[in-house]
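Here is what TrEMBL records for this protein:
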type	residues	note
COMPBIAS	35-47	compositional bias 'Basic and acidic residues'
COMPBIAS	108-117	compositional bias 'Basic and acidic residues'
DOMAIN	180-283	domain 'Methyltransferase type 12'
REGION	35-59	region 'Disordered'
REGION	99-123	region 'Disordered'
Amino acid sequence: MAASKKAPERRPFGRRFLTDPTRLFQHNAWDHVEWSEEQEASARSKVQENSSQLLPQDKQEEYEVNAKRYWDDFYKIHENGFFKDRHWLFTEFPELAPNRNPSQNGDSVHEFSNKEESDNEGLGSCENGHCSLETRAENQVNLIRGSPKICTEELAAQKHSELNRSDGDYPGSSASYRVLEVGCGAGNTVFPILQTNNDPGLFVYCCDFSTTAVDLVQNNAEYDSSRCFAFVHDLCNDQSPFPMPEESLDVVILIFVLSAILPEKMQGIVNRLSRLLKPGGMILLRDYGRYDLAQLRFKKGQCLSDNFYVRGDGTRVYFFTQGELDDLFTTAGLEKIQNLVDRRLQVNRGKQMTMYRVWIQCKYRRPAAPQP
């Protein structure tokens with residue numbers, strides 16, 4: 001009697017992974033691909049090569065001083081592009097919509113996720129470290145043009161000061177579930193949350209370094225000031241106020257944001273964000289992992305420091321290891337819930353080209369208050 005065939009192991013959420021190399025170009029994306037020692041060594045060699053020539057210190061200082069202008073220019077260029085919302089958010093981060101029905105809106109969230117991340121359009125585009133499937137300019141938001149709103153950090157600070165003259169009176173003060181997205185861009189995370197999470201107690205804060213990005217959020221037809229508050233904020237300025245008090249947030253979201261910051265400033269930023277969390281509140285992060293395709297595509301002369309680069313448009317990006325992120329969050333007093341590497345093989349069938357993406361996803365929680 002022939003032995004029965006053992007069914008292949010399945011990953012959570014029905015994710016696909018490569019079992020037959022001959023079928024490589026029949027599909028668009030494979031999740032959780034294991035790297036061989038040869039692949040790892042090749043990637044390490046490419047990084048050593050493109051890091052061998054660092055930018056002069058005066059040029060590095062120029063990119064730091066003008067960082068806001070570069071991000072403003074980025075959003076001015078991409079504001080009317082064909083973007084995609086991050087529907088995968090609720091598969092990877094169910095904390096953003098705790099009461100959500102997985103079959104809501106017809107299709108499953110992961111079916112959205114597969115379509116979003118498998119789309120061949122622009123799949124081979126990866127210039128100067130910007131790769132088409134992970135930048136905030138790749139996510140769909142329908143922007144409604146309107147007269148630009150005044151939204152400067154000075155006005156935000158003034159409003160914050162006025163709001164706090166009355167004890168406990170601040171945007172979202174009556175909400176029961178508060179979420180902050182840092183680095184909101186054009187709203188590619190904020191609007192899916194507002195559309196999906198119908199909790200009447202929900203309030204979403206969102207901020208960005210770029211005034212242009214915040215203007216785009218505020219001028220979007222989906223922006224609802226009764227459920228959302230968008231504001232300009234410089235994470236690197238520890239004197240820049242948040243509109244909510246410490247220990248008031250349930251969730252802080254960091255999606256491809258921490259990597260854009262000068263590495264020596266990251267710890268202070270994580271410390272500050274962790275103090276905004278309620279006991280039991282969580283930071284959710286998804287960002288670039290070491291040896292991602294975007295890192296390997298950089299040329300000599302674009303490296304600022306170890307694993308930190310400047311793109312052709314002046315924006316910067318760092319590529320993390322799991323250990324580096326764990327150190328940042330645990331030093332801030334948070335406890336690890338999740339810290340995983342997502343290695344993904346993406347295939348452009350038309351060009352018969354394979355690309356390896358590496359992202360890191362983390363969840364860290366502020367310890368619950370001790371019982372009296």
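Counting begins at 1 with the first residue displayed.
Including glycine, each Cβ sits where the backbone N, Cα and C put it.
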Next on the checklist: With helix taken as DSSP H, G or I, strand as E or B and everything else coil, how many residues of the region 'Disordered' (35-59) land in each class?
Outcome noted: 17 helix, 1 strand, 7 coil
Checklist entry - Taking every residue in the domain 'Methyltransferase type 12' (180-283), what is their average pLDDT? => result 93
Item to check | Helix-strand-coil residue split for the domain 'Methyltransferase type 12' (180-283), DSSP-based | outcome: 32 helix, 29 strand, 43 coil
